[in-house]
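Please read the structure below before turning to the comments.
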Amino acid sequence: MLRDLAPERAAVPSDDPPPPTGMVVAAAALRGAVVAIAGVLLTAGLALMVWAVTPASGPDAAVALRGGVTAFALANLMPVAIGGVTLSLPPLLLTAVPAGLLFLTARRGRFLPVGRYQEAVAVATTAGVYGLVVAAVTRGYSSPDAVPAGWVWTAFTLALVATAAGMMHGDSAWSRWALNATAGWARAGLRGALVGTAGLIGAGALVLAAGLIGHFGTAVDIAAATAPSWLDGLGVTLLGLAYLPNAVVAAVGFVSGVGFEIGPGTYSPLATSTVDLPGVPLLAAAPQHDGRSVLGLVGLVVPLLVGYLVARPAIRRLVTRADRVAAAALGSALTGAAMALAATIARGGVGDGRWSGIGVSPLLLGPLIAVEVGAVAVIVAAVTGWRTVPWRIRDIAAEPVQRVRRPRRTPAATEDGDPAGQTSPAEKAEQAGEPAEDEVQDHATETAKAAPTDEVDDSDDEPDDEPDDEPDDEPDPDESSDGPRD
């Protein structure tokens with residue numbers, strides 16, 4: 001459309017040589033450093049804002065800055081020590097900020113990588129520089145002994161996954177290579193996994209919202225008790241927003257039937273054992289009564305509905321039911337693996353005692369999601385179109401060729417020379433139980449087409465058949481009766 005509206009401003013594909021690898025490496029290193037510094041500035045700025053509006057936070061702003069850097073280390077999936085207590089529950093909303101920036105900037109800039117070699121070097125360079133900057137900043141400027149040295153690798157891993165995903169998402173050499181090397185059913189399965197993961201995350205968000213709305217009074221009471229002024233409430237609100245994605249993953253575990261745990265308390269649609277929770281308004285969304293929950297049992301249909309959605313890309317894009325079933329099974333397995341990974345990242349705790357375990361068990365969530373989603377997805381893929389869609393391609397070739405019978409002449413067709421009411425020779429043969437002349441010719445033609453093509457044609461060695469001098473049974477009415485015959 002841009003080319004039609006403004007041809008002079010449309011980008012024209014150029015045949016320029018790829019940029020030097022050194023420039024690509026420099027641009028990738030700068031990208032990783034900028035994203036890391038932006039993340040540090042964001043968390044430090046939020047910490048300073050909370051310090052400025054909270055009267056009880058103390059007079060020293062440097063403490064707030066060190067707290068912001070420590071929070072950035074926690075956002076990079078590093079366990080941190082605060083006052084001798086280890087906090088391993090990452091605020092995933094802060095984690096999404098650097099991960100999203102790395103994903104979006106993977107293929108942006110002037111010196112973009114060309115080819116798989118430069119793309120791999122660019123991804124590794126960005127992740128390496130990001131990990132080094134994060135390790136240096138968090139180890140050097142956070143609270144004393146807050147960040148353990150053995151956990152700085154998590155920042156590099158986070159940057160590597162986010163940058164590689166951003167590189168594969170665009171029109172890159174690696175994405176084209178993966179597209180050509182992957183079978184069609186595998187690509188449909190990957191699309192189904194993306195749809196299934198998004199569906200479960202969306203369902204978890206809806207369940208969390210329903211829990212907060214249903215227990216809104218309890219959340220207000222908790223906020224009033226923990227933050228009497230609106231300035232104190234700002235810090236509590238930011239804390240709840242930072243851990244909002246963790247609560248969504250816990251809600252996914254709830255609708256799957258596995259449930260989640262908050263310290264000694266367990267929450268599941270099948271059985272709930274409540275405990276007195278910390279004074280965080282976000283925790284008010286958890287069930288507040290022991291036993292089973294009717295709404296929780298209704299929520300168990302969510303994985304079944306997601307299974308139908310997982311099978312839809314395979315049904316729309318594949319032409320055999322065997323490929324559809326394979327794609328649905330792969331999509332279900334990948335959906336379970338994605339949710340297990342999300343549960344692993346979102347899980348953590350506070351200290352080593354009562355609240356050391358908060359979140360969903362990934363060892364239970366992943367297999368159960370794969371089974372629940374896969375059962376419906378495979379059945380839908382196998383049953384949809386079972387009358388018209390073949391199981392395999394060779395089933396199409398094995399189907400017999402159905403011969404279409406030519407229409408018979410009606411008594412009204414008297415213009416061709418046949419009087420009305422007179423039976424044709426083909427009809428007489430059919431009434432006598434013998435094949436008609438047209439059917440014999442059709443059968444001979446099909447036999448000739450099905451014959452092997454490597455047979456030797458020895459028709460030249462045989463004498464020609466004698467010409468048939470018999471007159472036609474039905475003379476052409478267009479020819480003159482007194483004209484010469486050939």
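Any Cβ shown, glycine's included, is placed from N, Cα and C.
According to TrEMBL, the protein has these features:
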- 23-51: transmembrane segment (TRANSMEM)
- 88-105: transmembrane segment (TRANSMEM)
- 117-138: transmembrane segment (TRANSMEM)
- 150-168: transmembrane segment (TRANSMEM)
- 189-213: transmembrane segment (TRANSMEM)
- 233-255: transmembrane segment (TRANSMEM)
- 293-311: transmembrane segment (TRANSMEM)
- 323-345: transmembrane segment (TRANSMEM)
- 365-386: transmembrane segment (TRANSMEM)
- 404-486: region 'Disordered' (REGION)
- 454-486: compositional bias 'Acidic residues' (COMPBIAS)
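Taking pairs at least six residues apart, the transmembrane segment (23-51) and the transmembrane segment (117-138) share three or more Cβ pairs below 8 Å and count as touching. 117-138 is the stretch from 88-105, 117-138, 189-213, 365-386 with the greatest number of Cβ pairs below 8 Å to the transmembrane segment (150-168). Beyond its flanks by at least six residues, the transmembrane segment (365-386) meets 192, 196, 200, 252-253, 256-258, 303-304, 306-308, 310-311, 314-315, 321, 324-325, 327-329, 331-333, 335-337, 339-340, 343 of its own chain at Cβ-Cβ distances under 8 Å.
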